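The annotation active site, proton acceptor is assigned in Swiss-Prot to Asp12. The feature active site, proton donor is assigned by Swiss-Prot to His40, with sequence analysis given as support. Per Swiss-Prot, GTP binding site is recorded for 11-17, 39-41, Arg300, 326-328, 409-411. Residues annotated as IMP binding site in Swiss-Prot: Asp12, Glu13, Gly14, Lys15, Asn37, Ala38, Gly39, His40, Thr129, Arg143, Asn219, Thr234, Arg298. Look at Swiss-Prot and you will find Asp12, Gly39 tagged as Mg(2+) binding site. Here Swiss-Prot flags Val294, Thr295, Thr296, Gly297, Arg298, Arg299, Arg300 as substrate binding site.
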Amino acid sequence: MVTIVLGAQFGDEGKGKITDLLSQSATLCCRAAGGHNAGHTIVHDNITYDFHILPSGLISPDCVNLIGSGTVVHVPSFFKELDALKAKGLKEADKRIFISDRAHVCFDLHSVVDGLEEADLAGKKVGTTGKGIGPCYSDKASRRGVRIGEVLEEGVAEDKLRSLEAGYRRRFGELQYDLEDEVKRFNEYRTKLQPYVVDQMAFLEKYRSCPSVLVEGANALMLDIDHGTYPYVTSSCTGLGGAIQGLTLNPTSIKSIVGVVKAYTTRVGSGPFPTEQINDIGEKLQSVGREFGVTTGRRRRCGWLDMVMCRYSNAINHYTTINLTKLDILDDFDEIKVAVAYKLDGRRLESFPAQLEVLDKVEVEYVTFPGWKSNTMGVTRWEDLPVNARRYVQFIEQEMGGVPIKWIGTGPARTHMIEREV
């Protein structure tokens, strides 16, 4: 049976920790979509691991890992990340990681084009990670991309890469890019990649009846190309639909869908953010929460928890349980606000609006809670949380339509987690 872990906000919710926890009992852990633009950190046995394209199930010694067909893979980053994990003690990691032959290749060329396209947008920049993800998915949609399996065929990837470069040169003029160097490296990767590349359909068939498959979502629902705050989104389907599509999942095999919700809201890059606090509150959340992007190092914008957004996310992803993260970051606040509705011209909106112009104008309606002003770092039992912290959690549960909050994160370590009976 399949468990899917999905971000409910703008990403950076802390999905890696619950994925790490669940992967301990998983036979197979999969990434379905996205690329090395994603990023999360896991602390295990006092060692900090940073993940981008690799599934975090690699930390579990008995878990096999797959990068699925809906992803885009920057091959140098794949090997660099794998080498970093091995250097930190995961010696057999390279024996437990595989890539779908249908995943697409993200070239250095795509990163160059990403920067040029952002520059063209001038004052309306999306705020991408600059990793080339958007141009890579564009090439995929335009049917001119290169699949991982094609790297293994002599001359195929090279011919397509040369064609891509010529097309971009016609569009942008001379590029700050060394085509021959990338061609040379991919000729070398042809042999190096061979042990990792699999036919996804045949590979997954072997695990069809296994009791525990874990799907690790990247980014989050509000960055989804269809359902997020378009155009300030990533270029892949980051919700439930993307997981099913990218891994050819049978929907009837899905046992649980875990929505990961940070106890406040953060966002990297540009785009609407109704509950953002551009004040001392936002600065405090940023500082105490150490809100810097794992992939880019950029400061994250911070604000109060937005239940309008979370309810919308739930309506699309159909969570069966919630993992609430970073509750301890709110320990020292006198009062804590939660957004429960948006108003436009004095009228409550029925749902999360699609139009950016509307989002920019909404008035946010908050419910204010008294803070608990005590240390919850490392708390592992529900009854040991302060009363006001428990009330905060229960209110979120109520606002999510009764979807139970099964896990509550109270610190960075794997052991800093409350697991409730729900």
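Sequential numbering from 1, following the chain as shown.
Using the three backbone atoms N, Cα and C, a Cβ is placed for every residue, glycine included.
Ranking the recorded positions Asp12, Gly14, Lys17, Leu327, Thr410 by Cα distance from Arg298 (IMP binding site) puts Asp12 first.
Comparing Cα positions, Asn37 (IMP binding site) lies closest to Gly11 out of the binding-site residues Gly11, Lys17, Arg300, Leu327, Thr410. Take the binding-site residues Lys17, Arg298: by the count of other Cβ atoms within 10 Å of each Cβ, the lowest one is Arg298. Following the DSSP three-state reduction, the secondary structure of Asn219 (IMP binding site) is coil. Neighbour counts of Cβ atoms within 10 Å were taken for the binding-site residues Asn37, Thr41, Asn219, Thr410; the minimum is at Thr41. Taken residue by residue with DSSP, His40 (active site, proton donor) is part of a strand. Ranked by CA distance from Lys17 (GTP binding site), the recorded positions Gly39, His40, Gly297, Arg300 have His40 at the top as the closest. Candidate recorded positions: Asp12, Gly14, Gly297, Arg299. Nearest to Gly39 (IMP binding site) by Cα distance: Asp12.
For Thr410 (GTP binding site), the nearest neighbour among the recorded positions His40, Asn219, Arg299, Arg300, judged by Cα separation, is His40. Taking a C-beta cut-off of under 8 angstroms and a sequence separation of 6 or more, Arg300 (substrate binding site) has the following same-chain neighbours: Asp12, Thr266, Arg267, Val268, Gln286, Glu291, Phe292, Gly293. Arg300 (substrate binding site) falls outside any helix or strand according to DSSP and counts as coil. For Arg299 (substrate binding site), the nearest of the binding-site residues Thr129, Asn219, Leu327 in terms of C-alpha separation is Thr129. In the shown protein chains, 25 other C-beta atoms lie within 10 A of the C-beta of Leu327 (GTP binding site).
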